[in-house]
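Student: Pasting a structure here, questions to come.
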């Protein structure tokens with residue numbers, strides 16, 4: 001196996017650049033938040049809530065524009081059976097950011113939450129928060145593993161080095177600077193990584209387009225030359241599948257901690273919305289070179305290139321079309337620069353997911369569910385340990401599991417089907433409770449898993465209308481097997497059923513307990529009768545039977561700085577009556593002293 005020295009030098013340069021920026025960001029912001037009295041753990045999670053428009057716009061864009069985004073977009077445009085019509089990620093994720101900015105960013109940021117799970121634990125209790133942590137964690141870990149797996153394959157194309165070694169080195173670098181600087185390091189490295197992707201790809205595109213082996217892409221878009229037109233088409237029988245997948249991207253792209261980590265780190269609710277809109281535009285712009293590279297791959301006579309006569313799709317290498325085009329259709333110095341930049345930039349999503357998973361565990365599971373009295377230093381150490389543990393877990397999965405993408409597909413579906421309807425309910429539907437949340441969780445999981453997952457060889461036990469079977473080659477064994485294909489939009493239907501189940505069962509439980517149809521002693525989740533028990537958290541205080549523990553969730557309007565201002569931002573309907581009265585008395589006393 002020949003090692004390309006130029007490629008190795010390019011990789012080393014970009015990796016050292018990313019590492020340097022991550023360490024510099026951590027050093028630059030090591031005292032951030034101390035003057036305002038912000039806890040160190042919160043600074044690591046949400047960056048002191050002072051991320052500006054420039055860095056914030058870049059880091060939110062980079063959350064989506066990682067290795068999976070640019071490689072996947074190029075792959076779908078290239079594949080004859082799909083084409084541009086099925087490359088849904090650019091528009092799907094862009095609309096996801098627009099919808100998130102319009103409806104979700106403002107209420108989440110203005111209420112001063114620290115993680116995405118905070119509103120669930122506030123309204124549904126810590127046990128339900130723990131249940132919702134499971135699909136959220138699965139999504140983040142499997143996504144990181146899928147990114148690292150793709151990164152290893154990309155590096156093997158560039159420099160012919162061992163895939164396992166490249167995965168381990170990449171993971172260690174991402175874990176190290178995330179450990180050192182938290183969100184600050186992740187955000188600042190995202191700026192560099194996104195710039196690397198943009199410059200690296202756009203430098204390569206003109207050279208690839210003008211290669212003698214490449215036909216005019218405007219012609220191959222509509223006419224068959226070397227394969228079917230890359231514009232693609234949607235058959236009538238696949239219309240509902242296309243709509244189902246698009247809704248999954250558009251709505252299922254919202255309830256992720258990596259998104260809300262950026263929203264909650266913005267300096268204001270308005271900034272959080274603006275960042276979402278900027279990132280939506282950034283996603284579309286960053287997809288253009290990937291689309292062009294996919295089109296170039298579909299317009300190439302591979303027999304005229306150093307790749308060989310057999311096209312990548314026939315070698316089962318369609319997922320690597322982007323590095324293959326850069327490697328074989330561009331001059332060496334251009335391809336190594338482009339591939340090096342892309343490889344370093346792939347980490348921009350892995351580090352975010354690892355930090356998101358550790359933030360949710362440290363805050364919502366360790367602190368709020370088990371150790372309410374934990375010190376800030378203790379929480380910081382829990383975060384550091386879990387960053388290493390979750391990063392290591394993702395790395396191991398990338399190395400030993402052949403179905404990483406199948407696991408991620410299933411977990412992302414569960415995020416869409418389970419967490420999105422719960423987020424809708426907790427933010428916008430008044431009256432939902434823990435009983436409805438549990439019912440919705442079970443409905444969504446049962447209906448989604450019941451539809452099966454071909455990539456994981458998970459057979460369906462619910463056959464939705466319009467299902468068919470077709471023979472496919474297994475991606476690992478190479479054997480032909482019969483696969484059940486669901487043509488029905490069962491993912492979106494499962495999400496809607498989960499949402500309606502939450503509302504229906506919440507109001508049913510409320511009616512049964514309040515009317516006396518069921519005795520109050522059976523309200524074992526403390527969700528209807530014991531509304532303000534130790535299980536339910538309001539936004540500023542976790543109420544226990546023995547003491548009150550401040551959660552410091554109010555961002556820039558912290559109770560320690562201004563109880564009056566904090567009270568103005570608190571949902572008073574979630575507080576006990578005596579607490580509201582005490583706050584009003586305190587406000588009057590404070591204003592009286594100010595007048596004097």
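Here, residue 1 is simply the first one shown, and the rest follow in order.
Using N, Cα and C of the backbone, Cβ positions are placed for all residues, glycine too.
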Student: Checking feature assignment: transmembrane segment per TrEMBL, candidates 165-184, 305-324, 465-484. Which range matches?
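Tutor: Transmembrane segment, as annotated by TrEMBL, spans 165-184.
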Student: Given 39-57, 58-76, 191-209, which one carries TrEMBL's transmembrane segment label?
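Tutor: Going through 39-57, 58-76, 191-209 one by one, TrEMBL flags 191-209 as transmembrane segment.
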Student: Give the one range among 7-27, 271-296, 333-358, 435-451 whose Cβ atoms make the most pairs under 8 Å with those of the transmembrane segment (131-159).
Tutor: 333-358
Student: Excluding the flanking five residues on each side, which residues at least 6 beyond the ends of the transmembrane segment (239-259) place their CB within less than 8 Å of a CB in that stretch?
Tutor: 60, 63-64, 85-86, 88-89, 91-93, 95-97, 99-100, 104, 115-117, 136, 139-140, 349, 352-353, 356-357, 359-360, 412-413, 415-416, 419-420, 422-423, 466, 487-492, 495
Student: If I count Cβ-Cβ pairs under 8 A between the transmembrane segment (191-209) and each of 85-105, 271-296, 333-358, 379-400, 406-428, which range comes out on top?
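Tutor: Looking only at 85-105, 271-296, 333-358, 379-400, 406-428, the most contacts with the transmembrane segment (191-209) come from 333-358.
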Student: Considering pairs 6 or more residues apart, do the transmembrane segment (271-296) and the transmembrane segment (406-428) have at least three CB pairs under 8 Å?
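Tutor: With fewer than 3 qualifying Cβ pairs, these stretches do not touch.
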Student: Between 85-105, 165-184, 333-358, 379-400, 435-451, who has the most Cβ pairs under 8 Å to the transmembrane segment (406-428)?
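Tutor: Selected stretch: 435-451, with the most Cβ pairs under 8 Å.
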